Amino acid sequence: MVRAPYFDKNGTKRGAWSQDEDSKLKAYIETYGHRNWRELPKLAGLSRCGKSCRLRWVNYLRPNVKRGNYTSEEEDLIINLRRDFGSKWSLIAKELPGRSDNEIKNHWHTHLRKRADLSFSENKSNQNLESHEDNSMSKLSHLKEEDRADISLAAESVRTLSAEYIKSSSSSSSSDSCHVGSNSDSSLSSKVQPFEDSLMKPYLADTFSNTSYEYWMPIMDLANRPFLPSSDRDMLMVDDFLWSGVEYFQ
DNA sequence: AATTCACGCAACCGCTGTTCG
DNA sequence: GCGAACAGCGGTTGCGTGAAT
C-alpha cells in the first residue's frame, strides 16, 4: 500500500513510516512543539526530512485526526465545497474537522469525482443564468474581508474598462444585435476580438494561470452587471454553459 | 492456483507565498 | 529592496491489495 522504506543519496530515510518513527515524532512534538520543521527531525532523532515529518504529523499523528469512513454528510460537503472552492483542499479541510487536505484530496479523486461529475451532468440542464449569478455572489462569502475588497476593486476596474469600451465602440458601430454563438453577424468577431484582447487577456493571463476560475468568475459577474447591455454581456463570456464546461474539464 | 489489472492511499515532488536577516 | 530559508499547498507517483480472468 505504501512505498517501501529506503534511504536516499543524502542518507535521508523515505517511504513508509515505522511505528518507532511515529512514536518519536509524536513524543517530540507533544513535548516541544514544531516551530522549525527543518531542525525537528535531527532533534527528534529521526533520519527524515522536515517536510516528511510535517506531512506525517498533519495527516496521521496530530490529535483528533479522523481516518476513513466518510459520512454521507461529509461527502456532500466535500462535493459542495469542491464546486465552490475548486482544488483548494486546505480550505476545504478547514470545514471538515479532523480531516486532512491530503486525505480529502485522495477521497475526492478515488470516490467523489465520478459522483460529482454525474450530478453535474444531471443538474446542468436545470440551471439558468440568473441562479448562477446569485450563486457567484455567494461564492465570495468564504473569502476574507480584504480579499473580497480586492476582488471588488478588480471588478470595478473591469467594469470601468467595459464602460469605456462600450462608449468608444458605440460611437463607431451599432452593437445591439451582437450575441456570442450567432455566426450570422459578421461584425461579431471583429468586435469581440479587440474587446477580449484589450480587456480580458491581460487580466486572465495573470489570474487564470494561478487561480481556479471560481475565484475570478465572480469578478466577471460583478463586472458585467450594471453597465453592459445584454448583448455585450454575452461577449464577456458569461455564458453559463461555457464556463461550467471549463470547470468540467479541469 | 497463478497471473493480470484496476483501485486506493501514503508519501513524494515541485512550486508558490511568507518570513527574516 | 533583495535573496535565502522555510512552510504550506496541490498535483503526481509508487506500490500493496483484492477482484477478475
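Including glycine, each Cβ sits where the backbone N, Cα and C put it.
Feature annotations, courtesy of TrEMBL:
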DOMAIN    A:9-61  domain 'Myb-like'
DOMAIN    A:9-61  domain 'HTH myb-type'
DOMAIN    A:62-116  domain 'HTH myb-type'
DOMAIN    A:62-112  domain 'Myb-like'
REGION    A:119-140  region 'Disordered'
COMPBIAS  A:120-129  compositional bias 'Polar residues'
COMPBIAS  A:130-140  compositional bias 'Basic and acidic residues'
REGION    A:168-191  region 'Disordered'
COMPBIAS  A:168-187  compositional bias 'Low complexity'
Secondary structure composition of the domain 'Myb-like' (A:9-61) [DSSP: H/G/I, E/B, coil]: 31 helix, 2 strand, 20 coil
Could you give the number of helix, strand and coil residues in the domain 'Myb-like' (A:62-112) as assigned by DSSP? 32 helix, 0 strand, 19 coil
